[in-house]
Amino acid sequence: MSVIILRRFVSMLVVLLTMTGGTFVLMQLSPVDPVALHFVMMGVPADPQLVAEFRAELGLDQPLIIQYAHWLCGILSGDLGYSIAYGVPVADLVREALPRTLALAGLSVLFAAVAAIPLGLLAFYRHGTWIDHAARILSFLGISLPTFWVGLLLILLFSVHLRLVPVTATDGLRGMILPAAALAIWIAGLYIRRLRNALLEEHGKNYVIGAHALGLPAHVVLWRYIMPNALTGLVPMLGLTLGNILGGSAVIETIFGWRGMGQLMTTAILAQDYQLMQAYILWGTGVFVVMNFIADLICLRLDPRRMQEGGARQL
């Protein structure tokens, strides 16, 4: 097992280095000079000598490989560079925005679980009935509707007409309800269908038929045998979903004015703030690969046969 974990950990590091290195190169190829743009946005004439001094202060006058090496070394010490858009170190911005994004993602997953698990189980128990069809329709709508459109609809309904929650997200649980709900609708729609299909697939297998033949109660068969095997197929997708929420919440955060990592990315793009963009890409890529790495570990724990398969492939 340790060999498999080590191989996947090394693969995770390779993906991180490849993504950050490739993005670093692409941003440097941009025709827009972020330092000159910074002076323009501040309303200060972009004097060539002043621009050159500022570029030297930020280390942007050094060769590309040196800049990337300094950036990698800075990560180890918590130094992510300097944001020309905000005028403060990037690490300070990340420390302020990251807890907000984590809180928003956690609440959205909680909302989605509260909706998806009961509806998925209900669709499984009432397979082929109108309840099953209704749950599948709700799942289809949740997956199909664009998240930004759902967010605007929630604002129009609950903030403008009913006046139950503020239009823009504020600190505290009340201000997080609408943006978390907008993200949760897509997650719930995805997992209602996946949970239902996974349970139905496991329910038709021979070991379940044998368990019923032995006289085991239906709830014991479901929770002891069917559910763990069904979750084994859902855990990898859960890693991708969490990565998508944490790394791709920019649209919802911008719509609701939530000061998280996504809103930092929006500002960084508009201001051509390379250091801030690089930090966000490191965050987004890191979330995806780390979540998938954790999902792999959970799958290995739930299904030890994966360890044997991994060892066989290695041989």
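Glycine is no exception: its Cβ is also placed from the backbone N, Cα and C atoms.
Quantities reported herein were computed from a predicted structural model and do not represent experimental measurements.
The domain 'ABC transmembrane type-1' annotation in TrEMBL covers 98-299.
According to TrEMBL, the transmembrane segment annotation covers 9-29 (among others).
According to TrEMBL, the feature transmembrane segment maps to 102-125 (among others).
Annotation source TrEMBL lists transmembrane segment at 137-160 (among others).
Within the chain carrying the transmembrane segment (172-192), a Cβ under 8 angstroms from the stretch's Cβ atoms is held by residues 103-105, 107-112, 115-117, 119-120, 123, 135-136, 138-145, 147, 150-151, 154-155, 158-159, 165-166, 234, 237, 241, 245, 249, 252-253, 255-256, 258, all 6 or more beyond its ends. The annotation transmembrane segment is assigned in TrEMBL to 172-192 (among others).
TrEMBL lists 238-258 (among others) with the feature transmembrane segment.
Outside the transmembrane segment (279-298), and at least 6 residues removed from its termini, the chain residues within Cβ reach (under 8 Å) are 5, 8-9, 12, 15-16, 19-20, 23, 75, 80-81, 90, 93-94, 98, 235-236, 238-240, 242-244, 246-248, 261, 264-265, 268. Among the features that TrEMBL reports, transmembrane segment is placed at 279-298 (among others).
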